[in-house]
Amino acid sequence: MWDSLWINCNLCTMNDAENDDGLGIINNGAIASTAGKIVWIGEANKLPDASEKLAKEINDLNGSWITPGLIDCHTHIVHGGERINEFNMRLEGANYEEIARAGGGIRSTVKATRAASEQELFDKALKRAQSLQEEGVTVLEIKSGYGLNWENETKQLRVARKIGESLPLDVITTYLAAHTIPEEYQNDGDGYIDSIIEKLPELKKSGLADAIDGFCEGIAFSPKQIEKLFKAAGDLGFNLKLHAEQLSDLGGATLAAKYGAKSADHLEYVSEKSAKAMLKSGSVAVILPCAFYFLNETKKPPIDLFRKNAVPMAVATDMNPGSSPCCSLLLAMNMACTFFKMTPTETMRGVTLHAAQALGIEKTHGSMEIGKVTDLAIWGITHPAELSYHMGFNPLQELIKDGRQIIQR
Ligand code: DI6
Ligand code: FE
């Protein structure tokens with residue numbers, strides 16, 4: 001007996017075995033779920049006889065489309081304060097690096113995050129998570145990185161975990177203490193990296209973080225410093241990720257690949273050598289078009305290079321108060337197409353299959369296949385490409401998490 005059966009729908013399975021169009025489309029399909037897992041999927045006319053009697057509940061979708069629940073694989077939604085003053089400064093001509101060097105930027109959010117209580121951080125982050133969820137997101141990565149000391153970094157991670165416990169949403173947490181050098185360490189980046197490394201075993205024990213991330217950039221940490229962090233974190237069994245080549249090419253993506261990182265993110269300035277290394281290591285290129293847009297950048301990530309080298313591309317919001325105050329994964333998909341000329345099929349893969357790979361959960365999430373979790377987004381659309389096409393319009397009709405309906409619109 002199945003718990004639920006969805007019929008009269010078109011499926012965008014993201015499973016190549018179904019259809020090698022890059023989306024795994026099945027027109028007039030059906031999908032069944034038991035105990036939160038997919039137990040049957042295929043063309044409706046191949047359903048076993050008397051399947052109406054096989055399911056406790058049948059949902060007739062009247063021609064709607066089903067995709068896997070979307071995955072936002074790069075966010076900083078837990079943070080204190082906003083950065084509207086910097087927005088104004090940039091409109092008047094200052095750039096992101098200048099503001100950061102003048103003590104604004106990440107450090108100003110660090111002040112606000114340290115000052116905020118756990119409850120305050122939670123209340124704000126919950127709204128952001130809900131707004132992502134309203135657009136079909138069922139898995140969300142959340143980074144720390146605005147505490148920059150043990151007490152406040154773990155405060156952010158506890159809030160992130162609590163978001164996952166409070167909403168029907170899977171939260172993957174990432175420890176980004178190596179986001180920038182805190183004031184207490186001024187010009188001692190090496191000393192700060194050592195202080196992070198010292199706490200990694202305790203972090204591992206706490207279970208608060210699934211991955212370790214860093215910001216490899218002139219205004220943050222050098223490849224040498226990141227390498228030291230990656231060695232220690234990798235030895236402890238953490239997944240690795242890296243903000244790399246956002247503002248310049250320091251070879252961060254090559255380093256990420258060398259340590260088998262799940263992803264390297266941003267990558268506007270990435271080299272061909274790094275792209276090749278990423279293919280070898282299976283690292284995903286996480287494309288963050290909202291940060292590119294909001295900072296008014298002109299250098300675009302080399303999408304053709306990733307295509308040519310068959311590097312999987314994910315797309316994410318990078319939701320954060322400084323470079324991407326964007327809570328819409330659908331808008332990120334749209335911008336990936338308009339700015340970077342990714343195809344709607346590539347962006348769709350970027351928020352499902354490849355986003356799952358960037359988080360190391362591709363065995364259970366990111367496509368609709370027998371045995372994977374029943375995370376389904378149900379849309380009133382004519383084709384999945386429509387999800388990359390609209391701006392400021394949300395065609396979500398229903399969201400199913402672990403087989404249960406959690407949103408109906
Ligand atoms: N790159 C980014 O775009 C965010 N972090 C990072 O390393 C921006 C963070 C911020 O400006 O608060
Ligand atoms: Fe980021």
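Placement of Cβ uses the backbone N, Cα and C atoms for every residue, glycine included.
Note: TrEMBL annotation is automatic and uncurated.
These numbers come from a predicted model, not from an experiment.
The record from TrEMBL ties His74, His76, His243 to Fe(3+), and of the options Asp318, Asp375, Asp402 it ties Asp318 to that site too. Together with Tyr146, His179, Gln246, Ser323, TrEMBL lists one candidate of Arg83, Arg101, Arg349 for binding 4-imidazolone-5-propanoate, that being Arg83. Taking the mean position of the Cβ atoms of His74, His76, His243, Asp318 as the Zn(2+) site, the remaining same-chain residues with a Cβ inside 8 Å of that point are Thr75, Lys143, Asp265, His266, Val286, Leu288, Ala291, Ala316, Met319, Asn320, Ser324. Between the farthest pair of Cα atoms in the N-formimidoyl-L-glutamate binding residues (Tyr146, Asn320, Gly322), the distance is 11 Å. Taking every pair among Arg83, Tyr146, His179, Gln246, Ser323, the residues listed as contacting 4-imidazolone-5-propanoate, the largest Cα to Cα separation comes to 20 Å.
Looking at Arg83 (4-imidazolone-5-propanoate binding site) and Gly322 (N-formimidoyl-L-glutamate binding site), their Cα atoms lie 6 Å from each other.
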